[in-house]
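Visitor: These came from TrEMBL, pasted as-is:
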type     : residues : note
REGION   : 1-22     : region 'Disordered'
DOMAIN   : 5-156    : domain 'UBC core'
COMPBIAS : 10-22    : compositional bias 'Basic and acidic residues'
ACT_SITE : Cys94    : active site, glycyl thioester intermediate
DOMAIN   : 158-198  : domain 'UBA'
Amino acid sequence: MQQKTQTNRLNKELQDFNERQKKGEDSGISILLVDQNITHWKGFINGPSDTPYGNGYFQVDIVIPPEYPYKPPKMKFDTRIWHPNISSQTGAICLDILKDEWSPALSIRTALLSLQALLCDPQPDSPQDAVVANQYKTQKDLFVKTAKEWTQNYASKNKQEEKVQNLVNLGFEVGKVREALLRFGYDEEQAANFLLGG
């Protein structure tokens, strides 16, 4: 019974996302299912323009546990990002609503919007990445410069399209290339290995 309730809830959330997108009310976030699996999504966040993440397009892996909506979704950034509350190595996120402050009244959409807000307002006193947090607190100009460089290098739509073209030039079909790159957070090497059957 709980699984049916969860599936109904997730289908409703998906429908809400789709309706908002059609109306142009997506607030710079979007989602898609991985392999048509209702419990594995990819979220996409446009970096807020007035931050070092502006013009970035960030991918978030979302795994929905069987206890959802009573337990939060497991989320991590697939796209590398330089931010005090996000691990620069693993993409793990430190955000209260993804832990103790989760409520069944929240949704995947509100979690993604909270991540987008976190990009605007880092919380260095509650860091996921101590090195980045220290830089944010003691060398703000260097932090901003590094965050912009990482956004350009890892979250630029132009760079992502370049990776698509590189793999298409190797003889792979464009649709399969995009799917593989999405699956692996635009890691070109992992996507190529997947396409080669490795």
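In case you wondered, yes, glycine gets a Cβ from its N, Cα and C as well.
From a predicted model like this one, the values you see are computed outputs, not experimental measurements.
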Visitor: Restricting to the same chain and to residues at least six past its boundaries, which positions have a Cβ under 8 Å from a Cβ of the region 'Disordered' (1-22)?
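Guide: Same-chain residues near the region 'Disordered' (1-22) but 6 or more away: 30-31, 33, 38-39, 64, 66, 68-69, 107-109.
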Visitor: Sort out the sequence-distant neighbours of Cys94 (active site, glycyl thioester intermediate) for me: same chain, 6+ apart, CB within less than 8 Å of its CB, listed by position.
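Guide: The answer is Asn85, Ile86, Gln123, Ser126, Pro127, Gln128.
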Visitor: Looking only at the compositional bias 'Basic and acidic residues' (10-22), how are its residues distributed among DSSP helix, strand and coil?
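Guide: Secondary-structure breakdown of the compositional bias 'Basic and acidic residues' (10-22): 13 helix, 0 strand, 0 coil.
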Visitor: Report the mean pLDDT of the predicted model across the domain 'UBC core' (5-156), rounded to a whole number.
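Guide: Its mean pLDDT is 94.
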